[in-house]
Amino acid sequence: MKGRVKDLSLAEQGRLKLEWAMKHMPVLMRLREEGRDKRPLAGLRIGAVLHVTKETGVLMMALKDSGAEEVVLAASNPLSTQDDVAAALVEYGIRVYAWRGQSSEEYYWCIRQVAESRPDIVLDDGGDLHAMLHSEYKKLAGEITGGTEETTTGVIRLKSLEREGLLLYPVVAVNNAYTKFLFDNRYGTGQSTFDGIMRATNILVAGKNVVVAGYGWVGKGIALRARGLGARRVIVTEVDPIRALEAVFDGFEVMPMSEAAGIGDIFVTATGNKAVIRREHFEKMKDGAILANAGHFNVEVWIPDLESLSVRKRVIRENVTEYTLRDGRKLYLLAEGRLVNLVAAEGHPSEVMDMSFANQYLAVKYLHENKGRLEKKVYNPPRELDEMVARLKLETMGIKIDELTPEQAEYLKSWSYGT
Ligand code: NAD
Ligand code: SAH
(Lines of atoms letter the chains of each structure in order from A and count residues from 1; the text may use other names and numbers.)
(Lines give C-alpha, C1' and ligand atoms only; values in the text may rest on other atoms or scores of the structure.)
(Ligands and ions follow the chains in the order given, each with its own letter.)
Protein backbone atom coordinates (compact mmCIF):
# COMPACT_ATOMS: atom_id res chain seq x y z
CA MET A 1 0.00 0.00 0.00
CA LYS A 2 1.36 3.40 -0.98
CA GLY A 3 -0.55 5.54 1.51
CA ARG A 4 -2.93 8.38 0.72
CA VAL A 5 -2.02 11.79 -0.69
CA LYS A 6 -3.91 14.47 -2.59
CA ASP A 7 -2.70 14.04 -6.16
CA LEU A 8 0.15 11.90 -7.44
CA SER A 9 0.41 13.98 -10.60
CA LEU A 10 1.99 16.75 -8.50
CA ALA A 11 5.10 14.59 -8.03
CA GLU A 12 7.26 16.37 -10.57
CA GLN A 13 6.80 19.76 -8.89
CA GLY A 14 7.51 18.07 -5.55
CA ARG A 15 10.74 16.59 -6.91
CA LEU A 16 11.94 20.07 -7.84
CA LYS A 17 11.15 21.35 -4.34
CA LEU A 18 13.07 18.43 -2.83
CA GLU A 19 16.00 19.18 -5.10
CA TRP A 20 16.00 22.80 -3.89
CA ALA A 21 15.93 21.69 -0.26
CA MET A 22 18.77 19.21 -0.79
CA LYS A 23 20.93 21.98 -2.16
CA HIS A 24 20.47 23.84 1.13
CA MET A 25 20.82 20.92 3.55
CA PRO A 26 24.48 19.93 3.23
CA VAL A 27 24.84 18.33 6.68
CA LEU A 28 21.89 16.01 6.23
CA MET A 29 23.04 15.24 2.70
CA ARG A 30 26.42 14.22 4.02
CA LEU A 31 24.79 11.84 6.51
CA ARG A 32 22.65 10.51 3.68
CA GLU A 33 25.73 9.80 1.53
CA GLU A 34 27.38 7.99 4.42
CA GLY A 35 24.15 6.08 5.04
CA ARG A 36 24.00 4.96 1.43
CA ASP A 37 27.45 3.40 1.84
CA LYS A 38 27.11 1.85 5.27
CA ARG A 39 23.34 1.16 5.47
CA PRO A 40 23.22 1.67 9.28
CA LEU A 41 19.41 1.38 9.41
CA ALA A 42 19.17 -1.86 7.42
CA GLY A 43 15.87 -3.64 7.97
CA LEU A 44 14.37 -0.97 10.27
CA ARG A 45 10.73 0.02 10.11
CA ILE A 46 10.35 3.74 10.71
CA GLY A 47 7.14 5.63 11.43
CA ALA A 48 7.12 9.43 11.37
CA VAL A 49 4.58 12.16 12.11
CA LEU A 50 6.18 15.41 10.96
CA HIS A 51 5.16 18.43 8.89
CA VAL A 52 5.19 17.08 5.34
CA THR A 53 7.50 19.67 3.80
CA LYS A 54 10.42 19.52 1.40
CA GLU A 55 12.83 19.43 4.37
CA THR A 56 11.03 16.50 5.98
CA GLY A 57 11.13 14.88 2.55
CA VAL A 58 14.92 15.01 2.50
CA LEU A 59 15.02 13.41 5.96
CA MET A 60 12.67 10.61 4.88
CA MET A 61 14.82 9.94 1.80
CA ALA A 62 17.98 9.85 3.94
CA LEU A 63 16.38 7.29 6.28
CA LYS A 64 15.26 5.13 3.38
CA ASP A 65 18.65 5.34 1.65
CA SER A 66 20.31 4.26 4.89
CA GLY A 67 18.59 0.89 4.62
CA ALA A 68 15.24 1.37 6.37
CA GLU A 69 12.90 -1.41 5.21
CA GLU A 70 9.85 0.81 5.35
CA VAL A 71 9.31 4.50 6.06
CA VAL A 72 5.74 5.59 6.82
CA LEU A 73 4.93 9.29 7.14
CA ALA A 74 1.85 11.23 8.29
CA ALA A 75 1.39 14.97 8.82
CA SER A 76 1.87 16.56 12.24
CA ASN A 77 -0.57 19.34 11.41
CA PRO A 78 -3.77 19.22 9.32
CA LEU A 79 -2.85 22.34 7.32
CA SER A 80 0.92 22.19 6.80
CA THR A 81 1.30 19.48 4.15
CA GLN A 82 2.94 20.42 0.85
CA ASP A 83 0.89 18.17 -1.45
CA ASP A 84 3.48 18.14 -4.24
CA VAL A 85 6.20 16.98 -1.87
CA ALA A 86 3.89 14.28 -0.48
CA ALA A 87 3.36 12.97 -4.03
CA ALA A 88 7.10 12.97 -4.82
CA LEU A 89 7.81 11.03 -1.64
CA VAL A 90 5.29 8.33 -2.58
CA GLU A 91 7.12 8.05 -5.87
CA TYR A 92 10.36 7.61 -3.93
CA GLY A 93 8.88 4.64 -2.08
CA ILE A 94 7.84 6.31 1.18
CA ARG A 95 4.35 5.40 2.42
CA VAL A 96 2.74 8.83 2.98
CA TYR A 97 -0.63 9.61 4.59
CA ALA A 98 -0.97 13.37 4.27
CA TRP A 99 -2.80 16.09 2.44
CA ARG A 100 -3.38 19.78 3.12
CA GLY A 101 -6.69 20.64 4.74
CA GLN A 102 -7.55 17.55 6.77
CA SER A 103 -10.51 17.30 9.12
CA SER A 104 -9.69 16.27 12.66
CA GLU A 105 -10.90 12.69 11.90
CA GLU A 106 -8.72 12.46 8.81
CA TYR A 107 -5.73 13.82 10.71
CA TYR A 108 -5.97 11.14 13.40
CA TRP A 109 -6.76 8.43 10.83
CA CYS A 110 -3.44 9.19 9.12
CA ILE A 111 -1.51 9.03 12.40
CA ARG A 112 -3.24 5.73 13.12
CA GLN A 113 -1.81 4.31 9.87
CA VAL A 114 1.68 5.11 11.17
CA ALA A 115 0.98 3.45 14.53
CA GLU A 116 -0.44 0.36 12.83
CA SER A 117 2.57 0.00 10.52
CA ARG A 118 4.37 -1.61 13.49
CA PRO A 119 7.36 0.73 13.48
CA ASP A 120 10.62 -0.09 15.30
CA ILE A 121 11.40 3.59 15.69
CA VAL A 122 8.98 6.53 15.73
CA LEU A 123 9.61 10.21 15.01
CA ASP A 124 7.06 12.77 16.17
CA ASP A 125 6.47 16.52 16.16
CA GLY A 126 4.14 17.70 18.86
CA GLY A 127 3.50 14.34 20.52
CA ASP A 128 0.25 13.22 18.86
CA LEU A 129 1.78 9.93 17.67
CA HIS A 130 3.42 9.25 21.04
CA ALA A 131 0.13 10.04 22.79
CA MET A 132 -1.81 7.69 20.50
CA LEU A 133 0.72 4.88 21.03
CA HIS A 134 0.51 5.36 24.80
CA SER A 135 -3.28 5.28 24.91
CA GLU A 136 -4.72 3.13 22.11
CA TYR A 137 -1.72 1.02 21.08
CA LYS A 138 0.05 0.16 24.33
CA LYS A 139 0.92 -3.37 23.18
CA LEU A 140 2.49 -2.12 19.94
CA ALA A 141 4.25 0.65 21.88
CA GLY A 142 5.86 -1.93 24.15
CA GLU A 143 7.64 -3.37 21.10
CA ILE A 144 9.07 -0.06 19.92
CA THR A 145 12.87 0.38 20.18
CA GLY A 146 12.64 4.10 20.73
CA GLY A 147 11.25 7.42 19.63
CA THR A 148 12.27 11.00 18.94
CA GLU A 149 10.49 14.30 19.49
CA GLU A 150 10.98 17.41 17.39
CA THR A 151 9.40 20.25 19.35
CA THR A 152 9.19 21.88 22.79
CA THR A 153 5.53 21.06 23.35
CA GLY A 154 6.04 17.40 22.43
CA VAL A 155 8.93 17.13 24.88
CA ILE A 156 6.74 18.61 27.64
CA ARG A 157 4.06 15.97 26.94
CA LEU A 158 6.63 13.15 26.97
CA LYS A 159 8.20 14.36 30.23
CA SER A 160 4.75 14.24 31.74
CA LEU A 161 4.39 10.58 30.63
CA GLU A 162 7.85 9.86 32.09
CA ARG A 163 6.96 11.57 35.40
CA GLU A 164 3.84 9.46 35.73
CA GLY A 165 5.89 6.28 35.06
CA LEU A 166 3.90 5.60 31.87
CA LEU A 167 6.57 5.98 29.17
CA LEU A 168 6.77 2.75 27.15
CA TYR A 169 10.02 3.32 25.20
CA PRO A 170 13.11 5.52 25.37
CA VAL A 171 12.82 8.90 23.65
CA VAL A 172 15.48 11.28 22.37
CA ALA A 173 14.26 14.87 22.79
CA VAL A 174 15.71 16.20 19.55
CA ASN A 175 14.32 19.64 20.40
CA ASN A 176 16.81 19.84 23.27
CA ALA A 177 19.89 19.66 21.05
CA TYR A 178 21.60 23.06 21.09
CA THR A 179 21.94 22.79 17.32
CA LYS A 180 18.14 22.50 17.21
CA PHE A 181 16.48 24.94 19.58
CA LEU A 182 19.05 27.75 19.40
CA PHE A 183 18.65 27.91 15.64
CA ASP A 184 15.37 26.29 14.57
CA ASN A 185 13.17 27.70 17.33
CA ARG A 186 14.85 31.12 17.30
CA TYR A 187 16.07 32.02 13.81
CA GLY A 188 13.90 29.56 11.91
CA THR A 189 10.64 30.65 13.53
CA GLY A 190 11.72 34.28 13.66
CA GLN A 191 12.04 34.50 9.90
CA SER A 192 9.34 32.07 8.78
CA THR A 193 6.68 33.57 11.08
CA PHE A 194 7.01 36.91 9.33
CA ASP A 195 7.20 35.12 5.99
CA GLY A 196 3.79 33.60 6.85
CA ILE A 197 2.30 36.88 8.11
CA MET A 198 3.48 38.74 5.01
CA ARG A 199 2.38 36.09 2.51
CA ALA A 200 -1.06 35.99 4.14
CA THR A 201 -1.61 39.74 4.50
CA ASN A 202 1.02 41.62 2.48
CA ILE A 203 0.97 44.27 5.22
CA LEU A 204 3.89 46.53 6.04
CA VAL A 205 5.55 45.67 9.34
CA ALA A 206 7.48 48.93 9.55
CA GLY A 207 5.63 51.41 11.75
CA LYS A 208 3.40 48.77 13.36
CA ASN A 209 3.15 47.77 17.01
CA VAL A 210 3.99 44.07 17.31
CA VAL A 211 3.05 42.15 20.46
CA VAL A 212 4.92 38.87 21.04
CA ALA A 213 3.47 36.56 23.70
CA GLY A 214 6.20 34.41 25.27
CA TYR A 215 9.92 35.15 25.32
CA GLY A 216 11.24 31.60 24.99
CA TRP A 217 13.42 30.59 22.06
CA VAL A 218 10.61 31.11 19.56
CA GLY A 219 9.49 34.44 21.04
CA LYS A 220 13.07 35.75 21.09
CA GLY A 221 13.44 35.09 17.37
CA ILE A 222 10.11 36.70 16.51
CA ALA A 223 10.79 39.83 18.60
CA LEU A 224 14.25 40.16 17.04
CA ARG A 225 12.90 39.97 13.50
CA ALA A 226 9.97 42.30 14.27
CA ARG A 227 12.51 44.91 15.32
CA GLY A 228 14.61 44.24 12.21
CA LEU A 229 11.58 44.79 9.98
CA GLY A 230 11.08 48.24 11.48
CA ALA A 231 8.21 47.69 13.89
CA ARG A 232 7.49 50.91 15.78
CA ARG A 233 7.07 49.18 19.16
CA VAL A 234 7.89 45.55 19.96
CA ILE A 235 6.07 44.52 23.12
CA VAL A 236 6.70 41.23 24.92
CA THR A 237 4.32 39.55 27.36
CA GLU A 238 5.57 36.84 29.75
CA VAL A 239 4.68 34.94 32.92
CA ASP A 240 8.27 33.98 33.79
CA PRO A 241 10.08 36.82 35.63
CA ILE A 242 13.54 35.82 34.37
CA ARG A 243 12.49 35.74 30.75
CA ALA A 244 10.57 38.99 31.18
CA LEU A 245 13.73 40.60 32.54
CA GLU A 246 15.74 39.20 29.64
CA ALA A 247 13.28 40.83 27.24
CA VAL A 248 13.63 44.17 29.04
CA PHE A 249 17.45 44.01 28.87
CA ASP A 250 17.24 43.01 25.21
CA GLY A 251 15.52 46.34 24.72
CA PHE A 252 11.85 45.37 24.40
CA GLU A 253 8.82 46.75 26.25
CA VAL A 254 7.27 44.28 28.67
CA MET A 255 3.71 44.52 29.99
CA PRO A 256 0.69 42.28 30.66
CA MET A 257 -1.42 41.21 27.69
CA SER A 258 -4.34 43.15 29.19
CA GLU A 259 -2.35 46.36 28.51
CA ALA A 260 -0.71 45.27 25.26
CA ALA A 261 -4.09 44.25 23.82
CA GLY A 262 -5.11 47.86 23.17
CA ILE A 263 -1.76 48.83 21.63
CA GLY A 264 -0.89 46.02 19.19
CA ASP A 265 -1.44 46.00 15.44
CA ILE A 266 0.02 42.51 15.03
CA PHE A 267 -0.10 39.86 17.78
CA VAL A 268 2.02 36.70 17.64
CA THR A 269 1.71 33.98 20.28
CA ALA A 270 4.67 31.70 21.00
CA THR A 271 4.07 30.24 24.45
CA GLY A 272 3.00 26.60 24.07
CA ASN A 273 0.12 27.55 26.38
CA LYS A 274 -3.64 27.85 25.92
CA ALA A 275 -5.90 30.92 25.84
CA VAL A 276 -3.03 33.39 25.95
CA ILE A 277 -5.19 35.82 23.98
CA ARG A 278 -8.83 35.53 25.03
CA ARG A 279 -12.13 37.39 25.47
CA GLU A 280 -10.90 40.14 27.82
CA HIS A 281 -8.09 40.89 25.32
CA PHE A 282 -10.20 40.76 22.13
CA GLU A 283 -12.54 43.23 23.81
CA LYS A 284 -9.75 45.83 24.04
CA MET A 285 -8.18 45.37 20.60
CA LYS A 286 -7.98 48.03 17.91
CA ASP A 287 -10.03 47.69 14.75
CA GLY A 288 -7.95 45.78 12.18
CA ALA A 289 -5.68 43.96 14.62
CA ILE A 290 -4.01 40.87 13.16
CA LEU A 291 -3.72 37.68 15.22
CA ALA A 292 -1.13 35.01 14.43
CA ASN A 293 0.18 31.98 16.29
CA ALA A 294 3.64 30.43 16.05
CA GLY A 295 3.34 28.13 19.06
CA HIS A 296 1.42 25.13 20.25
CA PHE A 297 -1.49 23.86 18.12
CA ASN A 298 -4.47 26.17 17.65
CA VAL A 299 -5.14 26.95 21.29
CA GLU A 300 -3.01 30.02 22.03
CA VAL A 301 -5.46 32.46 20.42
CA TRP A 302 -8.68 31.25 22.06
CA ILE A 303 -10.95 30.87 19.06
CA PRO A 304 -14.15 29.93 20.96
CA ASP A 305 -14.11 33.41 22.60
CA LEU A 306 -13.48 35.09 19.25
CA GLU A 307 -16.39 33.16 17.74
CA SER A 308 -18.77 34.01 20.54
CA LEU A 309 -17.90 37.73 20.43
CA SER A 310 -18.46 37.91 16.67
CA VAL A 311 -21.55 38.62 14.64
CA ARG A 312 -19.95 37.74 11.30
CA LYS A 313 -17.07 35.64 10.08
CA ARG A 314 -15.67 35.36 6.57
CA VAL A 315 -12.50 34.37 4.77
CA ILE A 316 -11.29 37.59 3.23
CA ARG A 317 -8.02 36.26 1.76
CA GLU A 318 -6.35 32.88 1.77
CA ASN A 319 -5.30 32.18 5.37
CA VAL A 320 -7.04 35.31 6.69
CA THR A 321 -10.37 35.05 8.53
CA GLU A 322 -12.15 38.28 9.35
CA TYR A 323 -14.20 38.36 12.57
CA THR A 324 -16.62 41.28 12.92
CA LEU A 325 -17.40 42.05 16.57
CA ARG A 326 -20.71 43.48 17.82
CA ASP A 327 -19.40 47.05 17.89
CA GLY A 328 -18.22 46.78 14.29
CA ARG A 329 -14.50 46.28 14.98
CA LYS A 330 -12.83 43.70 12.78
CA LEU A 331 -10.10 41.30 13.95
CA TYR A 332 -8.13 39.16 11.50
CA LEU A 333 -7.07 35.64 12.46
CA LEU A 334 -4.32 34.07 10.33
CA ALA A 335 -4.05 30.38 9.42
CA GLU A 336 -7.04 29.43 11.61
CA GLY A 337 -4.84 30.05 14.64
CA ARG A 338 -2.45 27.25 13.65
CA LEU A 339 1.29 27.69 13.09
CA VAL A 340 1.38 30.67 10.76
CA ASN A 341 4.86 29.85 9.45
CA LEU A 342 3.88 26.37 8.29
CA VAL A 343 0.36 27.07 7.13
CA ALA A 344 0.74 30.43 5.37
CA ALA A 345 4.39 29.92 4.33
CA GLU A 346 6.68 26.90 3.91
CA GLY A 347 7.96 26.53 7.48
CA HIS A 348 11.57 27.13 8.40
CA PRO A 349 14.13 27.58 5.66
CA SER A 350 16.04 24.45 4.67
CA GLU A 351 19.37 25.73 6.07
CA VAL A 352 17.91 25.64 9.59
CA MET A 353 16.06 22.35 9.19
CA ASP A 354 19.40 20.94 8.00
CA MET A 355 20.56 20.95 11.62
CA SER A 356 17.23 19.91 13.18
CA PHE A 357 16.93 16.95 10.85
CA ALA A 358 20.62 15.97 11.06
CA ASN A 359 19.82 15.64 14.77
CA GLN A 360 16.71 13.55 13.98
CA TYR A 361 18.75 11.28 11.72
CA LEU A 362 21.49 10.84 14.33
CA ALA A 363 18.89 10.21 17.06
CA VAL A 364 17.32 7.38 15.02
CA LYS A 365 20.76 5.85 14.48
CA TYR A 366 21.60 6.24 18.18
CA LEU A 367 18.36 4.54 19.30
CA HIS A 368 18.98 1.68 16.87
CA GLU A 369 22.61 1.22 17.89
CA ASN A 370 21.69 1.28 21.59
CA LYS A 371 18.67 -1.01 21.33
CA GLY A 372 18.00 -2.70 24.68
CA ARG A 373 20.54 -0.53 26.52
CA LEU A 374 18.39 2.55 27.15
CA GLU A 375 15.80 3.04 29.89
CA LYS A 376 12.24 4.18 29.29
CA LYS A 377 13.22 7.80 29.77
CA VAL A 378 13.38 11.08 27.88
CA TYR A 379 17.03 11.60 26.92
CA ASN A 380 18.71 14.77 25.73
CA PRO A 381 20.72 14.19 22.55
CA PRO A 382 24.30 13.16 23.34
CA ARG A 383 26.58 16.21 23.47
CA GLU A 384 29.09 14.69 21.03
CA LEU A 385 26.41 14.30 18.35
CA ASP A 386 25.24 17.87 18.95
CA GLU A 387 28.81 19.14 18.53
CA MET A 388 29.27 16.99 15.46
CA VAL A 389 26.28 18.69 13.82
CA ALA A 390 27.71 22.12 14.67
CA ARG A 391 31.15 21.19 13.31
CA LEU A 392 29.69 19.83 10.09
CA LYS A 393 27.50 22.91 9.67
CA LEU A 394 30.48 25.24 10.15
CA GLU A 395 32.52 23.16 7.74
CA THR A 396 29.84 23.31 5.04
CA MET A 397 29.70 27.08 5.56
CA GLY A 398 33.48 27.32 5.13
CA ILE A 399 34.00 28.65 8.66
CA LYS A 400 37.02 27.56 10.72
CA ILE A 401 37.41 27.93 14.49
CA ASP A 402 40.28 27.72 16.98
CA GLU A 403 41.38 24.65 18.93
CA LEU A 404 42.51 24.59 22.54
CA THR A 405 46.28 24.37 22.94
CA PRO A 406 47.37 21.52 25.30
CA GLU A 407 48.25 24.19 27.90
CA GLN A 408 44.79 25.74 27.63
CA ALA A 409 43.08 22.37 27.95
CA GLU A 410 45.14 21.65 31.06
CA TYR A 411 44.39 25.12 32.50
CA LEU A 412 40.65 24.65 32.08
CA LYS A 413 40.77 21.28 33.87
CA SER A 414 42.76 22.45 36.84
CA TRP A 415 41.61 24.00 40.14
CA SER A 416 45.10 24.93 41.33
CA TYR A 417 45.89 28.01 39.24
CA GLY A 418 45.02 31.28 41.04
CA THR A 419 45.70 34.89 40.16
P1 NAD B 1 9.90 27.94 25.61
O2 NAD B 1 9.47 27.07 26.72
O3 NAD B 1 11.37 28.27 25.46
O4 NAD B 1 9.12 29.34 25.69
C5 NAD B 1 7.79 29.51 25.98
C6 NAD B 1 7.65 30.80 26.81
O7 NAD B 1 6.27 31.15 26.91
C8 NAD B 1 8.19 30.66 28.23
O9 NAD B 1 9.16 31.66 28.48
C10 NAD B 1 6.95 30.81 29.10
O11 NAD B 1 7.21 31.44 30.34
C12 NAD B 1 6.05 31.66 28.22
N13 NAD B 1 4.63 31.59 28.56
C14 NAD B 1 3.90 30.52 28.97
N15 NAD B 1 2.61 30.89 29.19
C16 NAD B 1 2.54 32.22 28.90
C17 NAD B 1 1.48 33.17 28.92
N18 NAD B 1 0.24 32.84 29.30
N19 NAD B 1 1.77 34.45 28.55
C20 NAD B 1 3.02 34.81 28.17
N21 NAD B 1 4.06 33.95 28.14
C22 NAD B 1 3.81 32.67 28.50
O23 NAD B 1 9.37 27.28 24.28
P24 NAD B 1 9.80 27.60 22.77
O25 NAD B 1 10.89 26.65 22.38
O26 NAD B 1 9.98 29.05 22.61
O27 NAD B 1 8.48 27.10 22.02
C28 NAD B 1 7.24 27.79 22.17
C29 NAD B 1 6.15 27.04 21.38
O30 NAD B 1 6.45 27.11 19.99
C31 NAD B 1 6.03 25.56 21.69
O32 NAD B 1 4.68 25.18 21.62
C33 NAD B 1 6.82 24.88 20.57
O34 NAD B 1 6.43 23.56 20.38
C35 NAD B 1 6.48 25.78 19.40
N36 NAD B 1 7.46 25.82 18.30
C37 NAD B 1 6.95 26.23 17.11
C38 NAD B 1 7.81 26.34 16.02
C39 NAD B 1 7.25 26.72 14.68
O40 NAD B 1 7.80 26.31 13.66
N41 NAD B 1 6.20 27.53 14.64
C42 NAD B 1 9.17 26.06 16.15
C43 NAD B 1 9.66 25.66 17.39
C44 NAD B 1 8.78 25.54 18.47
N1 SAH C 1 2.64 19.52 15.58
C2 SAH C 1 2.42 20.72 16.38
C3 SAH C 1 3.67 21.18 17.06
C4 SAH C 1 4.48 22.40 16.66
S5 SAH C 1 5.41 22.24 15.23
C6 SAH C 1 1.62 21.70 15.57
O7 SAH C 1 1.46 21.52 14.37
O8 SAH C 1 1.05 22.62 16.12
C9 SAH C 1 6.87 23.10 15.45
C10 SAH C 1 8.00 22.36 14.78
O11 SAH C 1 7.89 22.43 13.36
C12 SAH C 1 9.36 22.95 15.09
O13 SAH C 1 9.97 22.35 16.20
C14 SAH C 1 10.14 22.80 13.81
O15 SAH C 1 11.30 21.99 13.94
C16 SAH C 1 9.15 22.18 12.83
N17 SAH C 1 9.30 22.79 11.50
C18 SAH C 1 9.42 24.11 11.20
N19 SAH C 1 9.64 24.28 9.89
C20 SAH C 1 9.66 23.05 9.32
C21 SAH C 1 9.86 22.58 8.00
N22 SAH C 1 10.17 23.42 7.00
N23 SAH C 1 9.77 21.25 7.79
C24 SAH C 1 9.51 20.40 8.81
N25 SAH C 1 9.33 20.78 10.08
C26 SAH C 1 9.41 22.09 10.35
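The backbone N, Cα and C atoms fix where each Cβ goes, and this holds for glycine too.
Just one of D37, D120, D125, D128 is listed by TrEMBL for the same substrate site as T53, E150, K180, D184, and that one is D125. DSSP classifies G216 (NAD(+) binding site) as coil under the three-state reduction. Close contacts with ligand 1, defined as a Cβ under 6 Å from any of its atoms, occur at none of the binding-site residues T53, D125, E150, K180.
The Cβ of G216 (NAD(+) binding site) lies under 8 Å from the Cβ of T152, N185, R243, A270, T271, G272, each of these being in the same chain and 6 or more residues away along the sequence. With a cut-off of under 6 Å between the Cβ and any atom of ligand 2, the binding-site residues D125, T151, D184, G219 reduce to D125, T151, D184.
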